[in-house]
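A.B. asks: Below are the features listed in TrEMBL for this protein:
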- 39-288: domain 'G-protein coupled receptors family 1 profile' (DOMAIN)
- 26-46: transmembrane segment (TRANSMEM)
- 89-118: transmembrane segment (TRANSMEM)
- 138-162: transmembrane segment (TRANSMEM)
- 206-224: transmembrane segment (TRANSMEM)
- 236-257: transmembrane segment (TRANSMEM)
- 269-290: transmembrane segment (TRANSMEM)
Amino acid sequence: MIIATVFTTFTLLGFSEYPDLQIPLFLLFLTVYTVTVVGNLGMIMIIRVSPQLHTPMYFFLSHLSFVDFCYSTTVTPKLLENLVVEDRTISFIGCIVQFLLACIFAVSETFMLAVMAYDRFVAVCNPLLYKAVMSQKLCASLVAGPYSWGIVSSLTLTYFLLTLSFCGSNVINNFVCEHSVIVSVSCSDTYISQVLCFAIAMFNEVSSLVIILTTYIFIFVTVIKMPSAGGRQKAFSTCASHLTAITIFHGTVLFLYCVPNSKNSWLIIKVGSLFYTVVIPMLNPLIYSLRNKDVKESVRKLINHSIQTMEITQMFMD
């Protein structure tokens, strides 16, 4: 049965029920993906080449950008392909690999945001000890944690998916190989796989939110006690971008949890999944670049340096 399952193919319906929107949606998602790639890789490059951004905060931000880039690249190319071709099939191995990678990066982002909340907690509540506490060793460990747990969670869920058999209709009413849609087309008992997925998802969401809420309660109390209005404004501004990213990410996740499991909910689930997997990776670099003075200043210096280099090169050529 396992050997037969390996040669199984799935059909990702995606948005095929709207044939007139296939090309407009392709152009829209292609634009979103282009902005995602340029934004996240650009953020990583800016942080790497700008000495003033070589701090723990931007170290974590560069890894968030890396996760967003990988997450979007795992999902969006197949979505774009299915919008312009009639054959929307995907092999069982391809579907499992997509789920495996998407799960790794989704879980990694969940806890990367929690790590960034802890970083803001230390910066605001213990500014004098910030450099001592947030050592390179601790930063490396805090980054390794989300990746490691993402891999463990993904491999565990994938293992139980590999034990399922598929013998009937393998039509997936979504654009991505999510756990719920894979088990929905299985003809074997999926109880253990579903319970395990629910348990891991609940643990990830609750634990990360507890970390984030706890750190921001301490941050809020500390900021309120600051004597100067300028100090309070500076502290809030350093957390504004992160709070925006957290609100969008976890707001979307909680929204998907609240959608009732019915036939009429598939479109809502697909739109929510689309926002979660395709749009959010594009928004994060925009949020951090548009609201962050250090990033904007670094971009301005890089542009000026590039212009000066081009002018000097042109002078020598003349």
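One-based numbering along the chain as shown.
Just so you know, glycine gets a Cβ as well, placed from its N, Cα and C.
TrEMBL labels come from automatic prediction, so no person has curated them.
These figures come from a predicted structure and were not determined experimentally.
Are these features on the surface or tucked inside, and what are their neighbours?
C.D. replies: Long-range Cβ contacts of the transmembrane segment (89-118) within its own chain (Cβ-Cβ under 8 Å, at least 6 residues beyond either end) map to 5-12, 57, 60-61, 63-64, 67-68, 70-71, 74-75, 78, 142-143, 145-147, 149-151, 153-155, 157-158, 161-162, 166, 172, 176-179, 182, 204-205, 207-208, 211-212, 215-216, 242, 245-246, 249-250, 253, 277.
Only residues 6 or more beyond the boundaries of the transmembrane segment (138-162), in the same chain, are considered here, and those with a CB under 8 A from a CB of the stretch are 2, 5, 56, 59-60, 63, 96, 99-101, 103-112, 114-115, 118-119, 179, 182-183, 192-193, 196-197, 200, 204.
Long-range contacts of the transmembrane segment (206-224) within the same chain: residues 110-111, 113-114, 117-118, 120-121, 124-125, 232, 235-236, 239, 243, 246, 250, each at least 6 residues beyond the stretch ends and with a Cβ under 8 Å from a Cβ of the stretch.
Residues of the same chain lying 6 or more positions beyond the ends of the transmembrane segment (269-290) and with a Cβ under 8 Å from any Cβ of it are 14-15, 29, 32-33, 35-36, 39-40, 42-43, 61, 64-65, 68-69, 71-72, 75-76, 79, 102, 173-176, 178, 241, 244-245, 248-249, 252-253, 255-256, 259, 296, 299.
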